[in-house]
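Student: Mind having a look at this structure? Questions to follow.
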Amino acid sequence: MVTGFELRPVTLDIVATGGIDSSAVLFDQTSGVILSTLSGHSKKVTSVKFVAPSNVILSGSADKTVRIWQGSEDGNCDCRHILKDHTAEVQAITVHATNNYFVTASLDSTWCFYDLSSGLCLTQVEDPSNSMGYTSAAFHPDGLILGTGTTEATVRIWDVKSQGNVANFDGHTGSITAISFSENGYFLATAAHDGVKLWDLRKLKNFRSFELYDQDTPTNSVDFDHSGSYLAIAGSDVRVYQVGSVKAEWNCIKTLPDLSGTGRATCVKFGSDAKYLAVGSMDRNLRIFGLPEGDASMES
């Protein structure tokens, strides 16, 4: 099973994937050739991130650790730091807009704020009211706030500078599986076992919900593209929505089938300029779907 993946921001043909075999793999998206295998974790890799523009990769694991890898021109990656601040499975990694810091979120009910160059944990924030832990995390595009999803169906919004919990979004059922901020910073999409909710960050309220289209399959992933024009939702299949507004409709303009035969897409991410969509599935494969250029041609 592909548990997570990331597209390299500078060289978008390079993809990093994490899986249940405890390794992360870098491969060329165009040729499918494996460039490097990052081995060292003892349990499944739950999250993997590139740090632009440096050739650094971050990997988080169920073994409670985070590894910082330094890539080289020959394609090899060396483990520079092993971070052991968490006491339970690391579920998510998110990189700050400056590319100098990153946050990890864990089932131990804490999130850690790290300095990338040194690998030092600058602060570890514990939430006494969250007894079950964090499942997802994402920085707002401006880097001033952080969103975290919990196993208790709540999304928490944090002030990065003060580490204060400034807002909570309730309404989901079951664990939060993924969160994604729109590029303009106005919206937050949250996924859980009961579907997807859209939140207005200016008024701090839910303004739209997408119900499950297969009651037996949770929504596992959401992703806004970098232009803020589209939102992808992955569950029993993958659906692409045209981003609207609080009042305007968010129309489904593309439906992509789950070709794994498992009926479950585990993760989804847009490529450069929304020209393609990368989808990870339960069958341990990553599939690239080409998307036509232009709003009109993308519509079904």
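Glycine is no exception: its Cβ is also placed from the backbone N, Cα and C atoms.
Sequence annotations record features per position, and here TrEMBL assigns repeat 'WD' to 38-70, 83-124, 127-168, 169-209.
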Student: Across the repeat 'WD' (83-124), what does the pLDDT come to on average, as a whole number?
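Tutor: When the pLDDT values over the repeat 'WD' (83-124) are averaged, the result is 97.
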Student: In terms of Cβ proximity under 8 Å, which residues at least six beyond the ends of the repeat 'WD' (169-209) contact it?
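Tutor: The answer is 135-142, 147-157, 218-228, 231, 233, 243, 246, 250, 267.
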Student: What else in the chain is close to the repeat 'WD' (83-124), if you only count residues 6 or more beyond its ends and a Cβ gap under 8 Å?
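Tutor: Sequence-remote neighbours of the repeat 'WD' (83-124) are 43, 46-49, 51-54, 56, 58-68, 130-139, 141-143, 146, 148, 151, 158, 160, 163.
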Student: By DSSP assignment, list the helix, strand and coil residue numbers for the repeat 'WD' (127-168), in that order.
Tutor: 0 helix, 22 strand, 20 coil
Student: How does the repeat 'WD' (38-70) divide up by DSSP, counting helix, then strand, then coil residues?
Tutor: 0 helix, 19 strand, 14 coil
